[in-house]
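Some notes on the structure that comes next.
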Amino acid sequence: MAMKSAASSAIRSLLSSSSSTFSRNLHAPAERKKIVGVFYKGGEYAKLNPNFVGCVEGALGIREWLESLGHQYIVTDDKEGSNSELDKHLHDAHIIISTPFHPAYVTAERIKKAKNLELLLTAGIGSDHVDLKAAAAAGLTVAEVTGSNVVSVAEDELLRILVLVRNFLPGYHQAVNGEWNVAGIAHRAYDLEGKTIGTVGAGRIGKLLLQRLKPFNCNLLYYDRLRMNPELEKEIGAKFEEELDAMLPKCDVIVINMPLTEQTRGLFDKNRIAKCKKGVVIVNNARGAIMDTQAIADACTSGHVAGYGGDVWPVQPAPKDHPWRFMPNHAMTPHISGTTIDAQLRYAAGVKDMLDRHFRGEDFPEQNYIVKEGQLASQYR
């Protein structure tokens, strides 16, 4: 289905239009840069929608603009291993653009190889595919398009909550397989109204989710390192929880909305999952590695977790034998929530804006920086 809007038209127009001593960036607008973009392949779908700019073929819609400025733009989906297309271009690349949906893992080893590297851009939100400490030590700038797909992810989280709470997937499979067994669905299908839903993290996405849940008349809780504005808290009707482990057993549904950091990696291990209410539903569109992979699979198998859904995996693309593919009552997909067509247009426009600023030697919007002048953004410290 093709949909057009004034916002999409404005972003398409933007796409088609033609600092510090610590950093090793040399801002010379006339200097020819080599830019490597790593995106998922569009394949047969690439030509079906002119706004499908987030794939290799779409190349964020900035190829003509970059080449008109004299820059070299290499785009690939081949990112794994020392013989990958990405590695072939590391030695003289100035800028690498990647996405959370098909991440180019920029390790310390790759950073050492990339002698000319100045800038790492994430087309979307979440830059944990970069070794941020190594990037900071090397004087690189790391930035992302903050806010570009927060609506997209929040809407997807609401979708997965409903899919799991209403036990939708078994009914869908029955329809596809020519079956009819109402009891097989209804015995574990519930209303969302009256349930307690807690978000672990209440940043941009967490707040949007809570706002969208308000009309469902749920009991809304949130845990975050920062308490939201009291007026907004009252407007949403959400209650702040000071301790994560105190909030978990109260929740019928838990949604993960925090970045992946050294502190949050493996946060939901066997012990923490055991603190959740039996029969809890967990939705995680944040990062897969926040979960202990086997602990989640075991909890779904035992029934302690009634359903687990999300689009993020510890490594992406996920291996074919990953245990989350086979655990019962899951609503897993590839990493898709933040790459709707609308989101693609927003983060493509944001990438173009930052590239233009970089070429001109200008700063980015402050909220976009993940690493600047050797310092990590507060959420990654």
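Heads up, the Cβ atoms here are built off N, Cα and C, so glycines get one too.
TrEMBL labels come from automatic prediction, so no person has curated them.
According to TrEMBL, the domain 'D-isomer specific 2-hydroxyacid dehydrogenase catalytic' annotation covers 66-362. What TrEMBL records for I125, N149 is substrate binding site. Per TrEMBL, the feature domain 'D-isomer specific 2-hydroxyacid dehydrogenase NAD-binding' maps to 161-337. Positions annotated as NAD(+) binding site by TrEMBL: R204, I205, D224, P259, L260, T261, E262, Q263, N285, D311, H335, I336, S337, G338. TrEMBL lists R287, H335 with the feature site 'Important for catalytic activity'.
Most Cβ neighbours within 10 Å among the binding-site residues N149, N285, S337: this distinction goes to N149. Counting every protein chain shown, the number of other Cβ atoms lying within 10 Å of the Cβ of L260 (NAD(+) binding site) is 21. Per-site Cβ counts within 10 Å over the binding-site residues D224, E262 peak at D224. Annotated pair H335 (NAD(+) binding site) and R287 (site 'Important for catalytic activity'), C-alpha to C-alpha distance, rounded: 10 Å. With the fewest other C-beta atoms within 10 Å around its C-beta, R204 stands out among the recorded positions R204, R287.
Neighbours of S337 (NAD(+) binding site) among the recorded positions I125, N149, R287, defined as a Cα within 10 Å of its Cα, are N149. A gap of 24 Å separates the Cα atoms of E262 (NAD(+) binding site) and N149 (substrate binding site). Taking the Cα atom of each, N149 (substrate binding site) and L260 (NAD(+) binding site) are about 17 angstrom apart.
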